[in-house]
Structures are given as structure tokens and as C-alpha cells.
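Noted in TrEMBL for the protein shown:
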type	residues	note
ACT_SITE	Ser168	active site
ACT_SITE	Asp193	active site
ACT_SITE	His320	active site
COMPBIAS	23-32	compositional bias 'Pro residues'
COMPBIAS	33-43	compositional bias 'Low complexity'
DOMAIN	93-331	domain 'AB hydrolase-1'
REGION	1-45	region 'Disordered'
Amino acid sequence: MESSNLSTLREEAAAAEDEELSPLPPPPPPPSDSASASAFSPDSIPPRPASRLLQKYAPLDWSRFFDKEEDITIPGSNDVFHVYMAGSDGPVVFCLHGGGYSGLSFALSASKIKEKARVVAMDLRGHGKSSTENDSDLSIETLCNDVLAVLKTMYGDSPPAIILVGHSMGGSVAVHVAARKVMPNITGLVVVDVVEGTAMASLIHMQKILSSRMQHFPSIEKAVEWSVKGGPLRNVESARLSVPSTLKYDESKKCYTYRTPLEESERYWKGWYEGLSDKFLSCPVPKLLLLAGTDRLDRALTIGQMQGKFQMVVVRHTGHAIQEDAPEEFASYILNFIGRNRIGPHGVEIPGLLRRSQQ
């Protein structure tokens, strides 16, 4: 949920203005058999084309990037979690989005990762298309239990190799799930732009940051436009994919607003991030930390990184949502992480041992 104050994309705004100011095609000449037809009559005025600005920010279909979607019903409960899936071979890259985002936050990067691995992106409780008995319970314990329940329901007692990838709040959930050590097939952990020190320091300002957001939108297109001009995203294509799933229509106000009321979850914020660095370092799997800036690294992680306890990459020129702003670069880091640690569909593969087994 950590937020960055992103500057308005002047290039995007200028391009949008250029499109709006481009001249419309001239009207057709009046019919030759109607000399008395006025140039100002309704019949002589051509229909106005759809706004190019609205087309630029129109929603995109997720099916161009994921292969399918499913609802995972948790046995013995009324909880139903929505997942997007892509790919058919390799380990499973299980993606957990940040607070206020959705599984479609990973859509663009999934279309690249699925070439060499499977991708599952989950809508967490209270987000996207998931529906639970208590959508407002965003405690770290509940979110972790949800992830484990989805993995158990999807894969039973024989899960494939799983690389947990979590962004912001989802990064905290991924760390806590891995730290529980209850699933031996978790073979990798990737945390995206969340560090305990920075996150804890920002909590005092979070309500102000949330209240300063634009709260109501007359259309989905306007919400997408705001997200890249004054909101958390910098990639228009990704925003067109992910932003619609973070909204709901308010019948009483006749406008769109946020699906997840993050300002009401304040009592859980401290639990998301407190002790996160030590938990991350204690996870007994290969680890990758992707950051949008070096200022986000706290003391415990600085020491751990110097000791070689995890791999760290700083991704320049992106905002907080690295997987959305730079999806191809993000996908390459994930695939390189899988290859570097020799993670196959059933776990870490050691070529020498594999050859002897085959013999």
C-alpha cells in the first residue's frame, strides 16, 4: 500500500491535448438536389467522432495477457477468490498485489513470464472480483491464511514449485507466508518495493495521502487518466488493464469510486510491515528484492544485502508499481531469478544429480 507522490506525466498530457485539438474532418457538401438546405441544419452536420482522449484511456481486455480466469471456492466457507492464470509449463509464479490494486496489476508482465513459467495472479480479500464473508478483514494473519487456502485448494497435497511474488502489501503477505514454512514447495520469494523502515515511517502520513487522491470518477476512462497523470501509475497500457478492476459503481452518487476503502483498514497497517525485514531475511529460500529507489533500503536489509543473503535490484525510472510501469523489465528479472536459482516445475534442479538419476 506504500504510495509514491508521482509527478504528472507532461508528455502524456501534452499528447492528449494534441489529440483533442486535432482538427475534425470537414463536413460533407450538401446534397446537390437540395439548394435550399441550410449549412446549419441538423441533417448537414456530420456526427461527432468518439473522443480520442476517451479511446486512449479505454479499458483493455485481460484475455490478451492471461490465458484464463477462475474462481477458487475455499471448502467449508463462503470465500471465493478470483485468480488469473497464464502459461502451461515450468514453476508457478504466484503473484500478490498491493493494497488497492488487483491481480491484473501483473497482466502485462504475465504475458512475458508465461513463455517460460506459469503465472497465477490472485485478487486478495476485499479486492478485485474476490468475495469473502468479511471483506474488511485485511489483517496479515487472515491474508496469509487466504493465500495458503487458495494454494491448497488449487494444488492439493502435490503442489508444483512456487515462487511467491508480492508487491507492497502483497510483498508483506508473501514474506509472512514463506516465513511460516508450512509449504515445502515454496522455492523462491520476490518482494517488490516494500521495506519495513520506509513503510513504517510512512504510516503516519498514509491517511493524508489516501484522502488527497481523487475519490470519484464520472467514467472508467477518467479514472484511468487520473491514475497516470496524478495517481500511482506511469504506464497507460497497464492502467487500462488494472484500474477498472479496482473500481466499483456507486449508484447513490452516480459515479465510480474505489472497490477497496483502504482508509478503513488503518488498524491493520502496522501488522503488515512491523518486523518485515527480519522475517524476509529468515525465509529459507532464494530471495530477490526489487526496489524503485535505494532510499527505500533500511539498516537490517542493508546489512543482509552486504552479507549476500538476498539479491537486490534497483529499477530506475519507475514508480511504486514496478510490475506495471516497467513490465518487460520486471518479467526479465523474474525469469532471470528462476534461471539463476535453477527452479524447475518441481523444485530446484541440479543437472548433475538429474543425469545420475536418469542413468
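Placement of Cβ uses the backbone N, Cα and C atoms for every residue, glycine included.
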Requested in this report: Calculate the distance in Å between the alpha carbons (Cα) of His320 (active site) and Ser168 (active site), and round it to a whole number.
Outcome: 8
**Report entry** Confidence summary for the domain 'AB hydrolase-1' (93-331), mean pLDDT rounded
**Finding:** 95
Query - Other CB atoms within 10 A, centred on Ser168 (active site) - result: 28
Query raised in the report: From the Cα of Asp193 (active site) across to the Cα of Ser168 (active site), what is the distance in angstrom?
Result: 6
